[in-house]
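I have placed the structure first, in the form of structure tokens, so that the comments after it can refer back to it.
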Amino acid sequence: MSSAALEVRLNHRFPGTEIDVCFAGRGCTVLFGPSGAGKSTIAMAVAGLMRPDHLHLRVGGLDLHDLPPERRRIGVVFQDARLFPHLSVLGNLEYGARRAPPGDFPLSGDFPLSREEIMTMLGIGALLKRRPATLSGGERQRVAIGRALLSRPHMLVMDEPLASLDQARKQDILPVLRRLKAAGLPMLYVTHALQEMAYLADDVVLLETGRVRASGSLGHISSDPALSGGFGHEAGAVLEAVVSGHMPDRGLTILSCAGTEVLVPLQALKPGTGLRVRIPAADVIVATESPGHISLHNILPVVMTDWQPAHLQGKAGTTQEALVRLALPGGHLLARVTRDAIQRLGLEPGRHVLALIKSVAVDVLGP
């Protein structure tokens, strides 16, 4: 199966509240929003773990909503892994394999996914004889992903799969999830962690009290000041980039990004490697003329397009901060400034300015 489109229309009433959503996505579709927004309910309905009042579910041209859960071929990974404690790792994996229908694994391309390949990719081959109670949190999640994959799913539904892991364990698993996405396995991914969204998402669905506030590509959602204000202090644009070269004598790597060059601390990546970068709005300085001697490496010509008030959690009343959208040749940045700065600098749509960014402020999300 190719990286197929996902279509969801869902309505369900709970006592005192209602979830009513309609969205479509490509590749990895991330459901993002605060607690109580309806993310997990949507994931459970798609996976067939609850029966909503109304559901339309289409994955890769296949209508799945009329099928019972066991025939939808949807692999599910939860926050707490939910492995069978009385079975070994091998027993848990074999449980997933027994649920797989006959036929080819649905992934496309030259990405082999036999049982052995899955275990190698997830790094769980040495764990087969162990019981879940003896595994670390990261090991349990890798086994849970392997069990889901061995069921030969049409897609994966992942509900906060990394929420209980420390940062090091997250960094072990995120590249595996990106490889699965690149291999063509559609995902519905629930999270409230911006880094996970930035690393994995193709499309993002912003949820708020059971409704879709906005949906679209990661690049659009992350660089729209009207939407990114909801990310609070973590607002920032996510951009696709390619390693174009290195300057080891200066400790820098050159990235081709959004039609311009961005310098970051030296990366151990080959030229031509594709990756993503996240540039926090709080780390972007807006200038109307080029500064003199300065430690900043990145001085990028941009065009101011629009701005919105920055709604920050924990700040009451009218905020005096704003998110300004800045156009690059092939994308957009966000900058957090004060309203006073907008007036002082005469920032208005169409104004040519400079975006100043420290190289160490660019969050390189990896290949």
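Cβ coordinates come from backbone N, Cα and C, glycine included.
Feature annotation from Swiss-Prot assigns domain 'ABC transporter' to 1-234. The annotation ATP binding site is assigned in Swiss-Prot to Gly33, Pro34, Ser35, Gly36, Ala37, Gly38, Lys39, Ser40. Per Swiss-Prot, the feature domain 'Mop' maps to 293-366; the stated evidence is sequence analysis.
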For Gly38 (ATP binding site), the number of neighbouring Cβ atoms whose distance to its own Cβ is within 10 Å equals 24
Restricted to the domain 'Mop' (293-366), the mean pLDDT of the model is 89
Could you find out if DSSP has Gly38 (ATP binding site) as helix, strand or coil? coil
Going by DSSP, is Gly33 (ATP binding site) sitting in a helix, a strand, or coil? coil
In the structure shown, which of the binding-site residues Ser35, Ser40 has the fewest Cβ neighbours within 10 Å? Ser35
DSSP assigns the residues of the domain 'Mop' (293-366) as 10 helix, 38 strand, 26 coil
State which of the following binding-site residues has the fewest other Cβ atoms within 10 Å around its Cβ: Gly33, Pro34. Pro34
What residues, ordered by sequence, lie under 8 A Cβ-to-Cβ from Gly36 (ATP binding site) and sit at least six positions away in the same chain? Thr209
Could you list the residues of the same chain, at least six apart in sequence, whose Cβ is under 8 A from the Cβ of Ala37 (ATP binding site)? Leu207, Glu208, Thr209, Gly210
The number of other Cβ atoms within 10 Å of the Cβ of Lys39 (ATP binding site), counted over all protein chains shown, is 24
